[in-house]
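Per TrEMBL, the features are as follows:
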type: TRANSMEM; residues: A:12-32; note: transmembrane segment
type: TRANSMEM; residues: A:44-63; note: transmembrane segment
type: TRANSMEM; residues: A:84-108; note: transmembrane segment
type: TRANSMEM; residues: A:120-138; note: transmembrane segment
type: TRANSMEM; residues: A:145-170; note: transmembrane segment
type: TRANSMEM; residues: A:190-208; note: transmembrane segment
type: TRANSMEM; residues: A:220-240; note: transmembrane segment
type: TRANSMEM; residues: A:269-288; note: transmembrane segment
type: TRANSMEM; residues: A:308-326; note: transmembrane segment
type: TRANSMEM; residues: A:332-355; note: transmembrane segment
Amino acid sequence: MAGKIGEKSLLSPFMAFFAAHCMQLGIGHLTFQSDVAKLVGQDSWIVVCLTGIMFHLVIWMMYRVLNKAQNDIISINQAFFGRWAGNVLNLFFLGYFLLFGGTTLRTFIYVVQVWLFPDVQTWILSLILLLLACYAVFGGLRTVIGVCLFSLIHYVLLPLHLELVPYLHFNNLLPAMDHSTSEMIRATQKMTFSFLGLEILMIYYPWFKQPQKSERWVHLANAATTLFYLIEIAASLTFFSKDQLVRVQWPTLALFQFFRLPYIERFEFIVVTFNLLRAVPILCLCLWSASRIAKTITRIRPSRTVPFFAALLAIFAILLPDYSAINQVHQWGNLMGNGLVYGYIPLMFVLSMIAKKVKPA
Amino acid sequence: MMKGVSALLIVPFFLTSAGCVQKSVIDQITLPIVAGIDKGPGSMISVTISSPLYKGDGESKIMNIVSTAASRTSQKAGGILQEENQSPFHYGKLSVTLAGSELAKGGISKALDSTLRDPRVSKLMYLAVVDGRAQQMLEADWSKQMEKGRYLHQLITNNIKSGHLPPNNLHMFEYAWLGQGRDPYLPLVKLQEKKIKITGLALFDDDKFVASLNDEEMKIFRLLVEKTKTGTFEVGLNTDEYVSILNQHSQVRYRMATRSGIPEFTIRVRMKGMIREITAHKLKVTDPYKRRVELELGKSIIDTGEELIRRFQKLGIDPLGFGDFARSRTRHWDEVKWREQYPHLKVTIDAEVNISGTGATK
Amino acid sequence: MNNKNDDFNEKLKMMAGSSDFLIFEKRSNFSHPFTICYFKPLVDPTILHEKIMPLLNVNADQSLDVLFAMLPITEKKLTSEWKSVEEGLLKGYAAIRFRAEGNQTLIVDVGKKEGRNVQAPEIEFSVIGPKEAFVESITANLNLLRKRLPVPEMKTKEMTVGNLSKSKIAVCYMEGITNEAYVNTVIQRIEGIDFDFVLDSSMLSEMIEDSKKSIFPQLLDTERPDRVAAALGLGQFAVFMDGSPHALIGPVNFALFLVAYEDYYLPWHMASFFRLLRFFAVSFSIIASSLYVAATSYHYEVVSTSLLSTLISSRADIPFPPIIEALVMELTIDLLREAGARLPSKIAQTIGTVGGIVIGTAAIEAALTSNVLLVIVALSALASFTTPNFRMSTTIRILRYPFLLGAEWLGLLGIFIVFAFLLVHLLRLKSIGAPYLVPVYPLRLSDLNDSLIRLPYSSFPRRPSFLRTRHSSRKSVEIDEE
């Protein structure tokens, strides 16, 4: 393990809630309704619940592994698979988080380009957002999680959904369970994309005081995400007819068109900008964990790696020209995430059950 | 220190590169509030735009500019319009779109595609079908006090809020148009001697305008569509004795029962009303009299309603969304099969009116 | 011995190079000649002639020790070190030497106490509550404080900073309550100052703050003794400086800068209302004009049609883009404010009102600015004045310029980007090691009762947890520690 973490920089366990919750509410949140409704229509809300429950299970397994080792996944990998193979796995994690950050960055910029400024250059927005992220990451983990906390500001717009009630067709939720199991499983796979991000806790684990206590906060974060998605999916399903929902590219944003205050309308433009605050913490968390992995493997100082990774993300974002390319990357991300959550974590769980005691690498 | 200097250098850098984002300074753009689409020559569509031109303070100095262009796509037509306008068009404030009846009969969705695609156009925009040509309506001089688009917008809003027009907007049109087992409807407006009037409801089959309802039918139609709190209904008791009833609260509920394969529908309408006017001489409203009015009104709701539904069945259109309702109550609902069944559905209306008050007079 | 004596005399002679230094030797009539010297402008002749000279004239044959005991003045010292003699002389002491006793010198305070009397607070005025404010004299200030905290736990630690100004500084804290870590940090930082002039607590504050680059004040300056007393009671420390009528309080957080001390004298409902009002005023004042710029240059869709037509009509004849319009108006307001601050107060008022009205009306009539913007700018200027702390209110006035530039650059998105940078900056900021955004982040629910709102006193059983006090209960009866 690369250096013991100083007592002073340890965080209280409840901050795990913000890290996990913000990481989950990423790009998936903007589009998941149409993706899932395409497959299972009115049963989408069941899929949301199912995926939420799956993730509670994943968290439970994750924490069994982590609690036993009392360390982060980087060291666990090294301990289980040896220094060499373990580091290859760690590099995979590094790549995964960079991909996560990169797609998030590009997608949010794309949303801005569609809704607000069609002619804004990708590089200029990526540059400024990454500068911001670096500034926060250099402030330390405490600052990063602070950004997460403040990004929850977007919840102030949630009560606006009440305005939708006259438009809602609750009949759209019926008949329930009208789809086959295989359809549901495929939809759950799709839905997984919107729940991804919790894995980051495997890196952050040793940074909490009494880390095993952070488990319930992560569960709570996942429950909050599930609840939020449920509200969103219920609103979208009852607000749009199925074929309409499938055609809408960003249902979450589209919903916000229907609110009006006496002098302000078209809330979706405000929501697009609020989304920026949602992208920044994800960028920070990803950059931070990437640099942490790099530090553990190679002992290069984060002050060097963070700008380097930020530059990588910027190049990645600039190289994705249009929505089909972005969508392609989403699919890779989804594949990697599915493998991670449903393959890797259960595997580690079983391994750690078998292993008597994890030897420090 | 160097860091601080370089940070300061970033600011002008961004401000100069700001040029790459197009601005839309509000007094340097033209904001069309109402647009009209018509059938143009051949397969073209003709687009008419009316936008306000503000000159200094006050609404009285507002001028309407109306211009028309024809092209195969509405976007192209917009480009042609741009060529004759001094400032760029921005469609973010478009609040009403009028479709000429000729175009509407041929299908409205192609002409609407660009509006639905553009995230700047609000889905709360009103759509309406013009009895005649939209261009003619926009060029006519019927709004001296107010900008035309806002006038039309308020006209439709107020008719939904306190009149008989069932609620509708671009989103609801799209909902019904794309939704299974449901067909859209839009308000029908007509230019009558320098006045605009909402004459009824235009009914669509898919996206084609196929039939219309008149004012009276629209009143009953609205009762069948949703819960209402507005509207005045008139009941004729004798040739010269009419009673006018204010709707205070009405509720509607659909029920479906499937017997012998074909679904049967019951629509239950409950209305609470108040007598507003009686054209009879020195009449005292007694309980039996109230009862009679209630029954008469109930009967007229049932008669008109069932007649309307029969007409819908004959046309094969479903503006009330029976199909959607059946879908939500049937496992593995099959739209093709439903279309075959639809003309043979049995629909009964059960309407009950309850008169709770008689106003300030007994 | 003799050598040294000469040395002492030499040094005195050197001082006499300054023409306001007096060396008065009395030798002719007496068998015991003595010397008395002092800086003329610093001493109070009344004390010198009424209390010291008569005594000296009579008792010149006694030793200095005896004289020392007889002098009816508390501030006096018997020393043979040149350094303390010099220090004393420079502070308005008189030095008395008997030739017979060599270097032994009696220094006695006969300083003239020039300075204001205690007056009502001007910057942090309150309608309700005590109306005493600090003055320039540190003794008077400590006196005001001690009167409010008559307990032995209140300790002060005195220091001197400034190579030339030699300013006296006192750090006050409550033993057993204040966390020593904070006190030690601040003492360390003050001792680390190496500068010639430290004249006011604001200068001192800049020198000991955590981040010198930040435009946010990280120590709270106040002129109210009651506020300092309460802060000490809560577990903060206070720094006094001779010559400055403001004490510094630390560690602080952002919310404390929006607290007017009167909030504690008003009923809690009203106090909470005013605090929220101030918070909204601050937010409004920062972003109002930039929102105008964003809405008029980019986001016409967000404004409702009816308001939009008002906006367009008001802007119809204006030749400038909104950003220039807004920048000019904001600068004008700052100009008026600066002019008001530089001019004598009576004229300043005239400038403020007449200048404001005349310039405003004329600007609209000349179609240089829209009346909507004028209203927005005036309101936001008004709102920025609600900030109780002067340094914070200047910070807030400066902050609106980056927001304006952000709005010009990318509209609402630009505003949000600037906001995000500001947020990260605030998250990174610390006041003497304590996070600046506490109690919101790190979240401390128990401290929220006295942040943007003030709940009744019964809900304050403990001292704020962000101060990590040694003793958190505010009551005499112990409450259970969590």
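Placed from the backbone N, Cα and C atoms, the Cβ positions cover glycine too.
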Contact call for the transmembrane segment (A:308-326) and the transmembrane segment (A:332-355): at least 3 Cβ pairs under 8 Å, seq gap 6+: no
Cβ pairs under 8 Å between the transmembrane segment (A:190-208) and the transmembrane segment (A:220-240), at least three: yes
Proximity of the transmembrane segment (A:220-240) to the transmembrane segment (A:332-355), 3+ C-beta pairs under 8 angstroms: no
Winner by Cβ pairs under 8 Å against the transmembrane segment (A:12-32), considering only A:44-63, A:84-108, A:269-288, A:332-355: A:269-288
Closest-packing stretch to the transmembrane segment (A:120-138), where packing means Cβ pairs under 8 Å, from A:44-63, A:84-108, A:269-288, A:332-355: A:269-288
Cβ-Cβ under 8 Å with the transmembrane segment (A:84-108): same-chain residues at least 6 beyond its ends: 26-27, 30, 73-74, 77-78, 122, 126, 129-130, 196-197, 199-200, 203, 275-276, 278-279, 282-283, 286-287, 289-290, 293-294, 296-297, 309, 312-314, 316-317, 320, 326, 329-330, 332-333, 336-337, 340, 361
